Amino acid sequence: MVETTGISDQTKKVLIGVAAAATVAGVGYLVYKSFGGSDLERDLEEIKALGNLKFKEKQYDSALEAFTKGVEKAGPNSSDQIVAMLYQNRAACREKVGHSPFDILNDCMAALKVDKKYTKAYLRAAKALNDVGKKQDALAYLLAAFTLDSSLNKTNFEFFGKLLAIEPMSDCHIGKPLKIEDVKPQPVALFRIQQWCDTWDILDLFKTDLTRFEPEVLSEDQKQYQLALEKFKKGKYEELIDLLTEENSYPPAMILRGKMLSYSTDPNEATRYIDKVGAKINELIGSEEDEERKKLMRDAFDILKIELMYTMADLDKFLESVPKDDKERLFKLYSFASIFVVIRLNHFYSLKIWFQYNGCVLDTAVTNHEQQMMADTNNANRLLTEAEKNGTLTPHLSMIVTFLKLCTSEDYADVHRRIREMEELAESRSTHFNLVLMSKVYMMTNNEESSKKLLEEAARITTRYLVPSRHLQTADLHVHKPEAERLRLTTESANAAIAVDPFNFSAHVLHLLGTNGPEPMIKKENYERAMESIRNAALFAPPRELLMLKRMIPLMNAKKRAAEMLDMY
């Protein structure tokens, strides 16, 4: 649509749908003439008014001719804003008559050279850039338009989402956090430790040993293992890898070393280690005389194997290889596998809530995951069904089953029934896991007061690997607050989680939202912090979450460029 108001301040936000203003073009012209001005200005205004009239009458060739006459009459050195309108209006005509996107783009650029805060020119340039295959540039120009006029967000959301899915993602290199090599001891992924420990209402080798590990005679390898257990109790998880040496040949120590390597900055090291010592672990487990301890070690090793798998196909193949008559083993493995999937799903629901209330500029990152969320839900349900065939579900597993049914229910009465079932489970066993999950359900149903009470109760449990998830859940309490307050409190929640777990994926994504918010451009200080948040989040991000972070790189770069073009960086 062409620009029609001759005397308006072009630095003001221009709304899509400005066509209605065309009806008052004549009035605008008379007002302009009453102000006086140079002969050239009056001539250009007359030409623009004629072009607008022809455009309104759908005589696009005639309108294009008029705007071209105005551009030529203005000359190359004109800085009058009416010249920017002539270029932008000619670009609109070029669209209508089917001219090359390069010609459209050239007119938009000429308009922006005169008026660098011309909203319509940025929007039309973005579409032309997309048409010539320059999606990254198009994203920057679109965000500049969003910055000048936030009302464009909704009307151009589909276009924005298309630009955000920039390929190939191989060009989006994240890199390591700054000075990560200087961090001693090297960090481990606390959310992975939580994922493992959330199955501890099922008998576990390490839960058993943490409660009591007192062999009559301790070998040096067992002493090393005992010391590792003590450090685990104190929350010093990062120290375990250096403590449990590669030479240790005590099976529980070897399995624990493999687990901690899988939670490290280089999880492939765990695969290499298990490839090297796996046969020896199996041999040592087989020679264990205590049958109960043999089963515990075997199950612990099986769970480690699951943790090292990357695809559901690998997981299903492994589970199918377990003898069908070994129900106890099948129950434990299917139970852990379901938790393995559910924790990932839990991250998605949190991210969805945070993105939903922090503006559309990051929403698309979540919608890309919708199908995977449903796939994870289906896989978790399937694994839990198999677990239930082989044993009685524990309180945690029962809570998860009900939660999954709640998330997929479309019946109002059934939703309330599932919530009540979860409330009863949480009341009967007030573990940190149950309290935080129940608080999430309350937030999903807008029961902020009940959610807050449960989180306060959960705060009494201070086990280190549990604390970050509670802080992250606390962020959900602020989603309905005014934007400035919401962003401040969101940042506080993220910082609290990061203080305990410096490289928590979800916390850094939350921090990214809190420091940058929904703004379509970004200032220098926030840009540098945002990029470091992405690097920190990527350190332990699972493969799919890593893809989401990679998609944030072109977005942040486009935000930066938008700010630079508008002199706001």
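The count begins at 1 with the first shown residue.
Placed from the backbone N, Cα and C atoms, the Cβ positions cover glycine too.
According to Swiss-Prot:
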- 1-12: topological domain 'Mitochondrial intermembrane' (TOPO_DOM)
- 13-32: transmembrane segment (TRANSMEM)
- 33-569: topological domain 'Cytoplasmic' (TOPO_DOM)
- 44-77: repeat 'TPR 1' (REPEAT)
- 119-152: repeat 'TPR 2' (REPEAT)
- 221-254: repeat 'TPR 3' (REPEAT)
- 510-544: repeat 'TPR 4' (REPEAT)
Same-chain residue ranges lying at least 6 outside the repeat 'TPR 4' (510-544) that approach it to Cβ under 8 Å: 143-144, 146-147, 150, 153, 174-178, 180, 187, 189, 191-192, 263, 265, 310, 344, 354-355, 358-362, 369, 372, 472, 475, 483, 487-488, 490-495, 497-498, 502-504, 552-553, 556, 559-560, 562-563, 566, 568-569
The repeat 'TPR 3' (221-254): DSSP-derived helix, strand, coil residue counts: 24 helix, 0 strand, 10 coil
For the repeat 'TPR 2' (119-152), the mean pLDDT of the predicted model: 96
